[in-house]
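Report on one structure; see the data block that follows.
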Amino acid sequence: MGSLTASTMWMIPGQNQSWVSEFILLGFSSVPSTNSILFIVFLLIYLSSVLGNGLIIMLVCLDTQLHTPMYFFLSTLSLLDMSFVTTTVPQMLVHLLAHSQTISFAGCWLQMFVFGALGMTECTFFVVMAYDRYVAICYPLRYTVILNWGLCIRLAGGTWISGFFSSLLHTFFTMSLPYCGPNRVNHYFCEGPSVRSLACMDTHTIEMVDSVLIVILVIVPISLIVASYIRIVMAILKIKSTQGRCKAFSTCASHLTVVTLFYVPASYIYLRPNSSYSPERDKQVSLFYNVFTALLNPVVYSLRNKDIKRAFLKVMGHSRVDS
């Protein structure tokens, strides 16, 4: 474990104790040749994620036929994904090529807050998207009446507010802990549990606060999504025609795929006991809900979506889409 220099420490006035003023993010590798390969791979993934999600936002904004609750929520999810991946990957790319892998204490605080806010917002936002599918399938004739624009904006805004408030609590308690060294974070960004493991005091109380937030923002949303889809499946099974049932199931397939891609790795990291904490494995798993989900979401939602394809061809100058 590397020693701390004077430039990385703050002296606490009146006390013989110091706090670190910056952290070192260890990332994935210290081998230059490996870092060069990882830089190219993650740069391509990041650019593809930003372009894919940005394209969905642009199409929804430009095409009036996509001005429906479903596509409003989809464009909001794309904005979340684009912001989520931008919180971590650009800095990781810099660290893959730079000799220094440091991040200031304030920078770590900010990154942890924004990453947590966007992640927690996405957790609850999937519930809103499940509710959208529930109303569309169970009450198709009243869909636009129930999900009017006022309700859509309140639902989306509520998820953002709850996510940012919850992250503020998590980040405040985590970064208020004393960090007297070492300052080497075994991760590619300032992830809460990885930073908290460096605190030089007992973190049991903070872990209890995090456990409450996890129940509210992970367990409860998953339960609501499952409940929504139980009602959806019951409604679909009442449809007499096979074609109607297949069409109804296909409208939910994209959402279920995205929810699985996000919740499975996130649940693995945040719902397991602290005793099974593995920094190396956690770094790899976190890539799935942070990086790969943002890359795959536009693909999942556009491949089988005729409305998105039609809007894309329309923007590209074509007047119609083959059925």
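Yeah, the Cβs are placed from backbone N, Cα and C, and that goes for glycine too.
These come from TrEMBL:
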- 52-301: domain 'G-protein coupled receptors family 1 profile' (DOMAIN)
- 37-62: transmembrane segment (TRANSMEM)
- 69-89: transmembrane segment (TRANSMEM)
- 109-131: transmembrane segment (TRANSMEM)
- 143-165: transmembrane segment (TRANSMEM)
- 212-237: transmembrane segment (TRANSMEM)
- 249-271: transmembrane segment (TRANSMEM)
- 286-303: transmembrane segment (TRANSMEM)
Notebook entry, point to check: Which stretch from 37-62, 69-89, 109-131, 143-165 shares the most C-beta pairs under 8 Å with the transmembrane segment (249-271)?
Noted result: 109-131
Check: Over the domain 'G-protein coupled receptors family 1 profile' (52-301), what is the model's mean pLDDT?
Finding: 89
